[in-house]
Amino acid sequence: MTASFHEMWQELRPIGRNSSSGGYRRYAWTGADADCRAWFKAQAEARGLAYELDRNGNQWAWLGATGYQDVAPGDAVVTGSHLDSVPDGGAFDGPLGVVSSFAALDELRGRGTELDKPLAIVNFGDEEGARFGLACVGSRLAAGALTTEAAHQLRDGDGTTLPQAMERAGYDPEAIGPDPERLARIGAFVELHVEQGRALDLSGDPVGIASAIWPHGRWRFDFHGEANHAGTTRLEDRRDPMLSYAATVLAAREQARLAGALATFGKISVEPNGVNAIPSLVRGWLDSRAPDQDTLDTVINGIERAAAERAARDGVDLTVVRESFTPVVEFQHALRDELSAILAKTGERTVPVLGTGAGHDAGILSGTIPTAMLFVRNPTGISHSPAEAANEDDCAAGVTALADVLEGLACH
Ligand code: HGY
Ligand code: MN
Ligand code: MN
């Protein structure tokens, strides 16, 4: 007997969960990540699937093949998502897709469906980029969207490099790099994900199909000032980078509001971080997203201009570094339409097609292979928070929709 959806959910539930916040801290190449990976491997083995770890640390579980080498070009149907989390993330972002993938396979077996094509379930490593700052590292490396050299330069907040972290977790960091041979075997990748907004709640549908992902990126703003005594330094003698940072946060909100975009400073580090010292350095990370590239450019330019003006007034030196960027993703229409047709045949109503501002491995891979996404209703829309939710019936509807889609794609 393989674990049911509920049992899988219960097994994953305690892994990396912080008891005071109730949120998940499943960061790449940590103990919690290792526990999630062990869980994935055990699920694969319990189902008699062939388990594979790729050169970039992504996990694969194959039905109808012993690994990707067995598969003819473009033949494999792949589903899955990720198991890592943002700091104090919710239970659903990522794990819902992986758990639903195993449950959908069980449902297909229960139906007695014979698949004509090899099927794989994947767990992409380091999707959130919570530790090393760059999202979707596993899929970016595979697709060649992140070079080995650039990945080797990534560092976490403690100064540990990605290669050091991988080595400590027992993986070979020298092996990472593009994996075109593997990706070439995939005819379709379908990622199921909890919706990170309220479109399905508002439309009254349990499941939706993704149309596009907004262009988005992360920028690091370093404001260098001068450390000095908080109790003795005259206001006019200060070079206080906190002021420049604060003004930039407000400017970001204003630029985003004017443009119909989003801009968020959600992470900050302060040096020396003393309550009675004017900071010498304030480092803030901006996440910004917009419906199109021009709008995003306008927002970023506006924020950088406002930051530079304010820094000049404060006697503060500013540097801005773009740490990551993902261009707009328009999911392939042919595959998206195929999903719509499959679900229209099996369901009672048309499944809505919706865009999102959230990034996904399916978005990164969309430039290389046909990808599509299914969204499961989130009653509050809250995500990247312990309050993230999806109700049981909707999760079950998601599993059935995914099973229908896999059956439709993998049976001639
Ligand atoms: O940040 C994002 O959009 C994603 O959830 N990785
Ligand atoms: Mn996320
Ligand atoms: Mn996700």
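Cβ from N, Cα, C; glycine included.
Together with Asp93, Glu128, the Zn(2+) 2 site in TrEMBL holds one more listed residue from His384, His412, which is His384. For the Zn(2+) 1 site, TrEMBL gives His82, Asp93; the one candidate out of His193, His216, His224 that the record lists there too is His193. Its Cβ placed at the centre, Arg289 (allantoate binding site) has 22 other Cβ atoms within 10 Å. Among the residues Arg218, Asn276, Arg289 said to bind allantoate, no two Cα atoms are farther apart than 36 Å. Here is what falls inside 10 Å of the CA of His384 (Zn(2+) 2 binding site) among the binding-site residues His82, Asp93, Asn276, Arg289: Asp93. Comparing Arg289 (allantoate binding site) with His82 (Zn(2+) 1 binding site), their Cα atoms are 22 Å apart once rounded. Less than 6 Å separates the Cβ from ligand 2 in the case of none of the binding-site residues His82, His193, Arg218, Arg289. Among the binding-site residues His82, His193, Arg218, Asn276, Arg289, His384, not one has its Cβ under 6 Å from an atom of ligand 1.
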